[in-house]
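Undergrad: In case it helps, TrEMBL gives these features for our protein:
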BINDING   Gly120, His121, Ile122, Glu245  (6S)-5,6,7,8-tetrahydrofolate binding site
DOMAIN    9-389  domain 'Serine hydroxymethyltransferase-like'
MOD_RES   Lys230  N6-(pyridoxal phosphate)lysine
SITE      His229  site 'Plays an important role in substrate specificity'
Amino acid sequence: MGPKGSFDRVLKLLKEHHKWSQETVNLIASENVPSPAVREALVSDFGNRYAEGAPGKRLYAGCKYIDEVEFLAIDLAKEVFGAAHANVQPVSGVVANLATYTAFTQPGDTLMSLSITCGGHISMGKKKFGGTAGSVHGLDVEYFPFDEEAMNIDVERAREKIKEVSPDLVLFGASVFPFPHPVKELSDVASDCGARIAYDAAHVAGLIGGGHFQNPLEEGAEVMNCSTHKTLPGPQHGMILTAEEDLKEIIDRSVFPGVVSNHHLHSVAALAISLAENLEFGEEYGSQIIKNAKSLGEALYNRGVDVLASEKGFTSSHVILADVTDHGLGGEFERKLEDANVIVNRNLLPWDVREGRHYDNPGGIRLGVSEVTRLGMEEEDMERIADFIGRVVIEDENPEIVRKDVEKFARDYSKVNYCFESETEAYEYINIHS
Ligand SMILES: *Cc1c(COP(=O)(O)O)cnc(C)c1O
């Protein structure tokens, strides 16, 4: 292709991705579409600078505007989450977790977290699975006992297990996170055993900010870690919030010089913008997300898809999990739905490994409504989306035919909602080079 050929090809692929995004329904639970202002911050010159150290006490010159922005991000984060301190420097949710492991544990210590099959994240995982906790920080990982009916941590069995294994750190939170975790119920017993208590809010941070999900800092968690681009529709970044001011020093030190040098200053600016948006619009946005998630669960269930936790209203967050094994497997439906321009991800069900299924082709699909809600969709739109999914999964209709209807439907939702007014469309490609 030659250098110019490759150069042109990359720019063309970016544009094609944007065009395709306008014609798809994206139900990836860990993704979202940021506001035009967040995107503007992300292409700013902040992304080319260094500002090691704390704002006001940098190891680099040239930071006068950067400092003010980082102070604003910190203040906004504290206000949104009712936190005593915020560190906005982790460059991702995994890095935020790693900083917390660094602050609270030594290699060889024991972490209690959720297993991946029950919704845990790779960053909480065991060494033998390549998880960050085990393989990067050398922690032994013990799993929370899980109630597969209730799709949540089993409180009684967890209480017993905490006493038995006496973990050094207990980490709540998950990547399949339909219901609040029993932080209140388990914090006392964990503290009595000498454990530190953390909560990974990567998925639910925006809902917490909007007042629609448990605030772990009020329920016994000492720190809350998160990504900032899932239900909180900001830049791809991370942060750590603390319940008490006296954790500031150890957390800040664990982040820098522990796990970041450059902390992605363009993302810090974008994060400040998304936190301001959360303060203004987060209550309304979160409320619609939860209504939509419940509606999508109900609509799919009524069409014969086995959405889990039906007796609990399917979810109290943005995400639902469906068992598709009556009709095929998760990997197969992930591909077919993508051919129909409906983007979902295959997901392990809690009992998949036991039944011989594997991550490549598990029994479930995970569906999140953060992005479609952000585009302005409401309950009746969830019926339409359930129709598209039902046509592929239940009726085995040709995805190419379903795609025509999905494209038409998706094009009607072209603006980002729950943010300060802008003319720019959600997936508009911004030309800078030409
Ligand atoms: C997404 C996720 C993360 C990791 O986030 P990144 O920002 O991609 O590093 C960590 N923990 C949980 C529970 C997640 O779902």
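We number each residue from 1, going along the chain as drawn.
Backbone N, Cα and C define each Cβ position, glycine as well.
TrEMBL annotations: computationally assigned, not manually curated.
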Undergrad: Cα distance, His229 (site 'Plays an important role in substrate specificity') to Glu245 ((6S)-5,6,7,8-tetrahydrofolate binding site), nearest Å?
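TA: Per the Cα atoms, Glu245 ((6S)-5,6,7,8-tetrahydrofolate binding site) and His229 (site 'Plays an important role in substrate specificity') stand 26 Å apart.
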Undergrad: Which recorded positions among Gly120, His121, Ile122, His229 have CB under 6 Å of ligand 1?
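TA: Near the molecule: His121.
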Undergrad: Any idea what the Cα distance is from His121 ((6S)-5,6,7,8-tetrahydrofolate binding site) over to His229 (site 'Plays an important role in substrate specificity'), rounded to a whole Å?
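TA: Spelling it out, the Cα of His121 ((6S)-5,6,7,8-tetrahydrofolate binding site) and the Cα of His229 (site 'Plays an important role in substrate specificity') are 16 Å apart.
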Undergrad: Non-local Cβ contacts of His229 (site 'Plays an important role in substrate specificity') (under 8 Å, 6 or more apart, same chain)?
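TA: Expected: Ser30, Glu31, Asn32, Pro34, Pro235, Gln236, His237.
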Undergrad: Express the distance between the Cα positions of Ile122 ((6S)-5,6,7,8-tetrahydrofolate binding site) and the residue listed as 'N6-(pyridoxal phosphate)lysine' as a whole number of Å.
TA: 16
Undergrad: Show which residues of the chain containing Lys230 (N6-(pyridoxal phosphate)lysine), separated from it by at least 6 in sequence, have their CB under 8 Å from its CB.
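TA: Residues satisfying the criterion: Ala29, Ser30, Glu31, Asn32, Ala202, His203, Val204, Ala205, Gly206, Ser370.
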Undergrad: Determine the Cβ neighbour count for His121 ((6S)-5,6,7,8-tetrahydrofolate binding site): the number of other Cβ atoms within 10 Å of its Cβ.
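TA: I count 26 other Cβ atoms within 10 Å of it.
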Undergrad: So if I draw a 10 Å sphere around the Cβ of Ile122 ((6S)-5,6,7,8-tetrahydrofolate binding site), how many other Cβ atoms end up inside it?
TA: 16
Undergrad: Restricting to the chain of Gly120 ((6S)-5,6,7,8-tetrahydrofolate binding site) and a gap of 6 or more, list residues whose Cβ falls under 8 Å of its Cβ, or answer none.
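TA: Correct list: Ser113, Leu114, Tyr143, Ala174, Ser175.
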Undergrad: Counting every protein chain present, what is the number of Cβ atoms, excluding its own, within 10 Å of the Cβ of Glu245 ((6S)-5,6,7,8-tetrahydrofolate binding site)?
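TA: Taking all protein chains shown, Glu245 ((6S)-5,6,7,8-tetrahydrofolate binding site) has 10 Cβ neighbours within 10 Å.
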Undergrad: For the domain 'Serine hydroxymethyltransferase-like' (9-389), what's the mean pLDDT in this predicted model?
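TA: Its mean pLDDT is 98.
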